Amino acid sequence: MILKIVNSNHNKAKLLMIISALSFSIMAAIVKATYHSVVVKAFSRQVFSCIIVLAIIFINNNRIIPLKKNRIKLILRCLFGTLGIYLYFYSIDNLLLANASMLTRLSPFFVTLFAFLILKESVYGMNWLIFIPMIIGCGCIIKPNSELFNPASIFAVISACSGAFAYTMIKSIGKDESPYTIIFWFTLISSGIYFIIAFNELLFIDEIDYLSLMMIGAFGVVGQIGLTISYQLSKASYVAPYSYFYIIFSGLIGFYIWNEIPDMLSFIGYFFIISSYYYLIRFQNQSLSDADQ
């Protein structure tokens, strides 16, 4: 029965996205617990991921040089992904883990928008209406007109937008490239950018700190591999909502380790956002069933 369920590409993509969400939530907790600057943590996440992925490429004998037709898309994926990760780590450092996780996971909205505009994927009318409570929920968390407003919330939303554009480029590249090739170039280019910025600080890192920095990279690459393959197996607008399992995992970790409890307005925002994505998943499942008939 389990094999039958996982056999579908749509279900494989869904399972990989959930595994990716768990890996990213553990990584986020380590990022929050590590005292180094954002750029050092971002560099560590990418450079160790780059090494691991390069080893996988050699073991699997994958092609490392991307096809010429995909290089511009891959560069865009790398640049927007680099910006997204930096802002993502910044928001983790400056917001409650649950709030940072929720806002940076607004990317499914932007993925659906970019998939419609760039990839010309069909998005049914009801799916657009579902985004209204998501926007309301976002406002409840950010609280733009309140003394509780934290500018880091805006950076979290920009991170989600940047990440969504990067994910759309992954989908646009499709199966022409190995997911490991895509991840390798992303981690290599972003590592180079972060290294230039963080060079002076990297010279003074204690040996004991390398373990936590390596763990950031290890969990990051597991999450990245799962995410990349997931987007290649199914429609971007279908698998993206399942990344919201990250919110559940991160909220539990934040409460358990730091006793973080969001305010009531944030919980209302969570309800609006999660509800909108529940119905988004429901309508997308129905559309896939109709397409298969």
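From the backbone N, Cα and C atoms, a Cβ is placed for every residue, glycine too.
Automatic prediction, not curation, is the source of TrEMBL annotations.
Summarising the annotation, TrEMBL assigns domain 'EamA' to 14-141 (among others). For the domain 'EamA' (14-141), the model gives a mean pLDDT of 88.
Among the features that TrEMBL reports, domain 'EamA' is placed at 152-280 (among others).
Marked as transmembrane segment by TrEMBL: 12-31 (among others).
The feature transmembrane segment is assigned by TrEMBL to 43-62 (among others).
Tertiary neighbourhood of the transmembrane segment (74-90): same-chain residues 31, 38-39, 41-42, 45-46, 66, 100, 104, 152, 155-156, 158-160, 162-163, 165-166, 169-170, 173, 177, 182, 185-186, 189-190, 193-194, selected by CB-CB distance under 8 Å and a gap of 6+ residues from either end. Here TrEMBL flags 74-90 (among others) as transmembrane segment.
Taken from TrEMBL, the feature transmembrane segment covers 96-119 (among others).
Tertiary neighbourhood of the transmembrane segment (126-146): same-chain residues 99, 102-103, 106, 109, 112, 153-154, 157, 237, 265-266, 268-277, 279-280, 283-284, selected by CB-CB distance under 8 Å and a gap of 6+ residues from either end. According to TrEMBL, the feature transmembrane segment maps to 126-146 (among others).
Same-chain neighbours of the transmembrane segment (152-170): 73-74, 76-78, 80-81, 83-88, 90-91, 93-95, 99-100, 103-111, 113-115, 118-119, 138, 141-143, 182, 186, 227-228, 231-232, 236, 240, counting only residues six or more beyond its ends whose CB sits under 8 Å from a CB of the stretch. The feature transmembrane segment is assigned by TrEMBL to 152-170 (among others).
Residues 36-37, 39-40, 42-43, 46-47, 49-50, 53-54, 57, 64, 66, 74-75, 77-79, 81-82, 85-86, 166, 170, 173, 221, 224-225, 228 of the same chain sit 6 or more residues outside the transmembrane segment (182-204) yet have a Cβ under 8 Å from a Cβ within it. Residues annotated as transmembrane segment in TrEMBL: 182-204 (among others).
According to TrEMBL, the feature transmembrane segment maps to 210-231 (among others).
Sequence-distant neighbours of the transmembrane segment (238-258) (same chain, 6+ residues past either end, Cβ-Cβ under 8 Å): 10, 13-14, 17-18, 20-22, 24-26, 28-29, 32-33, 96-98, 100-102, 105, 107-108, 111-112, 164, 167, 227, 230-231, 270, 273-274, 277, 280-281, 284, 288. Annotation source TrEMBL lists transmembrane segment at 238-258 (among others).
Tertiary neighbourhood of the transmembrane segment (264-281): same-chain residues 96, 98-99, 102, 106, 108, 127, 130-134, 136-141, 143, 241-242, 244, 247, selected by CB-CB distance under 8 Å and a gap of 6+ residues from either end. Annotation source TrEMBL lists transmembrane segment at 264-281 (among others).
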